[in-house]
Amino acid sequence: MTVKPDWLRVKAPQWQRVGSVKDILRDLQLNTVCEEASCPNIGECFQAGTATFLIMGPACTRACPYCDIDFEKKPQPLDSTEPERLAIAVKRLNLKHVVITAVNRDDLPDGGASQFVSCIEAIRKISPGTTIEVLIPDLCGNWQALAALLEAAPEVLNHNMETVPRLYKRVRPQADYDQSLELFNQAKRILPKVYTKSGIMVGLGETDAEVRQVMEDLRRVDCDILTIGQYLQPSQKHLGVKEFVTPEQFDVWRIYGESIGFLQVVSSPLTRSSYHAEQVQALMTRFPR
């Protein structure tokens with residue numbers, strides 16, 4: 001792997017706080033994308049008492065070459081106790097904002113939308129003051145499943161575009177760029193008040209013009225929030241890094257994104273889709289719906 005520049009170094013966390021979060025997760029037998037996807041910000045987020053919960057099992061039905069989550073063609077059946085365990089964790093961690101994401105479950109007719117709904121309802125029951133963000137897969141373009149999910153009224157609907165159209169066959173071979181864009185179109189049609197959010201990785205060989213094009217495409221479907229971060233190769237068997245993008249370039253994209261109408265652009269080398277996601281609460285106060 002290419003040698004990482006200094007700006008990608010992360011501070012060592014206070015392991016006592018990290019350990020307490022891990023203890024709760026282990027006690028309740030919950031997965032986090034922080035751990036499963038080897039996120040570089042795990043120390044900072046766990047230290048702050050936050051986590052992005054990964055539902056529907058630790059294994060995915062897709063094998064995207066950039067991702068560190070395990071692949072299984074036929075994952076385990078859904079666990080009906082998972083929503084309640086997740087809600088208990090939210091309460092025990094005293095989370096004001098929670099992010100729930102999932103592996104792709106192409107083996108399920110609704111892509112797992114009903115499990116998202118169950119998790120949202122369980123959290124609302126025992127922690128009604130917590131705002132909820134769902135980071136969802138593309139549901140294979142099943143807009144009825146999307147509508148069912150949005151009936152549960154999460155405050156934020158997040159779906160990552162991940163990369164530019166030219167690189168989709170290499171980076172997201174089982175996904176479709178236009179279908180992912182249409183998800184945002186459908187979401188705003190179904191639930192106009194929902195805050196929509198997306199994220200892309202850079203450093204995979206994309207150009208500045210291509211990144212800007214994705215940003216413009218997202219604004220055309222009324223996406224509200226964007227995250228941009230550096231792709232980091234999880235292991236030698238994953239896609240290699242083509243370039244380490246400078247912090248200055250991330251600032252350029254942030255400024256451009258704000259200029260074309262995003263309510264918020266979080267753009268830096270270590271930004272990940274749910275990094276500092278709790279900041280959306282301030283955004284919701286500034287731009288109420």
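Note that Cβ sites are derived from N, Cα and C of the backbone, with glycine treated the same way.
Just so it is clear, the model here is predicted, and its values are computed rather than measured.
Residues annotated as [4Fe-4S] cluster 1 binding site in Swiss-Prot: Cys34, Cys39, Cys45, Ser274. The [4Fe-4S] cluster 2 binding site annotation in Swiss-Prot covers Cys60, Cys64, Cys67. Annotation comment: Swiss-Prot describes 46-263 as domain 'Radical SAM core'.
Separation of the C-alpha atoms of Cys60 ([4Fe-4S] cluster 2 binding site) and Ser274 ([4Fe-4S] cluster 1 binding site): 19 Å, rounded to the nearest whole number. It is 16 Å from the Cα atom of Cys67 ([4Fe-4S] cluster 2 binding site) to that of Ser274 ([4Fe-4S] cluster 1 binding site). Apart from the site residues Cys60, Cys64, Cys67, the chain places the Cβ of Arg62, Ala63, Tyr66, Asp68, Ile69, Phe71, Val103, Asn104 no farther than 8 Å from the centroid of the site's Cβ atoms, the recorded [4Fe-4S] cluster 2 location.
Each residue contributes its Cα atom, and for Ser274 ([4Fe-4S] cluster 1 binding site) and Cys64 ([4Fe-4S] cluster 2 binding site) these two points are 19 Å apart.
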